[in-house]
Amino acid sequence: MAAPCLRTPGVQLLSMSSRPGRLFTPGSWSFCSSATSSRPLNAQRLAEKLRAQKQEQKAKEVRVPTNPVQRRVQELVRFTQQLQRVHPNVLAKELSRRILHQDNDLVVINKPYGLPVHGGPGVQLCISDVLPILAKMLHGHKAEPLHLCHRLDKETTGVMVLAWEKDMAHQVQELFRTRQVEKKYWAITVRVPLPSAGVVDIPIKEKEVQGPQQHHKMTLSPSYRLDNGKMVKVRASRDAHVAVTQYQVLSSASSSALVELQPVTGIKHQLRVHLSFGLDCPILGDHKYSDWTRLAPQKLSAGTLKKLGLQQSKARYIPLHLHARQLILPALGSRTEELLLTCKLPHFFARSLLRLGLDMPNQDQSRGNKARHVEAR
């Protein structure tokens, strides 16, 4: 069969650009004309031309922001979407590159941003989906699936523990439940917490938010209230859960801070609620808990927006700056010493520290010779 662009006397070529699945677009006739005037256009050369033109068109359609921060945000969003849409084998390979520690009992990874741990409505791919594939990549085709030992929120990055055996996973889960695992999170906050160090001990419960955007949020359920300047104990809500968070400001600027958080308890969204509603310092990029009455992009001061190089209309693209920085596991299984695991910050988190003028603390202090310290790659 002759190539479609070869001209035949008395035959008029018709454009099919308006039809779905078209072979030619209006711009493709130019190279067909020039090509046929010099030498025949065979099927291979035609395919190469069409492929090059398609790539060129796709490059033109991608709008690259001129602002560096907007470019980083766009890259983050695109990378997150790709992680949820890739083939499970590709995601498992990405997680294998993020392994922080591996032994006969455990595999510890540096969880990426925007990746759910469990499936649910609207979730195309999650970490639990690819654990069987990851296990086979690490231990061969006969390997049993890895098991989750705990969970992190979709937007939270950092240390995440997996176990080879179900029994070991239950043992680690019991350590978390009985508060024998020491956890440290880092967060960038909007405004600076006062005092600079302390303990937030306020119960938390889930509550329905009335209004045009009816939804549910976790909120504070205080055991005390102020009455004429005195603290008066109130009846505890049956739905409230004890929630305790230790915090310390590591670095601060005029309108933001780097805060280290140690959750004593493990209630849903505990750190976000205690910072936002307990200390009035929401986490940067927390578009859910920055305002109680509605779900809307976080409102930032003009000074903060200027430092980030963003306009308020682009604030919705700012990711949640909450990172599971460090985990200390007691001796367990084949290990005779505790294991200290430290994860480096995501690129977007480190860049925000730089832009906001927040200093990185010195290298975390080790816990002595009995602790085995592992630093994330």
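Each Cβ is built from the backbone N, Cα and C atoms, and glycine gets one as well.
Remember, predicted model here, so these are calculated numbers, not experimental data.
Features of the protein shown, as given by Swiss-Prot:
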ACT_SITE  ASP153  active site
TRANSIT   1-46  transit peptide
#### Entry: Helix, strand or coil at the residue listed as 'active site' [DSSP, three-state]
coil
### Query
Once the chains shown are all counted, how many other Cβ atoms turn up within 10 Å of the Cβ of the residue listed as 'active site'?
16
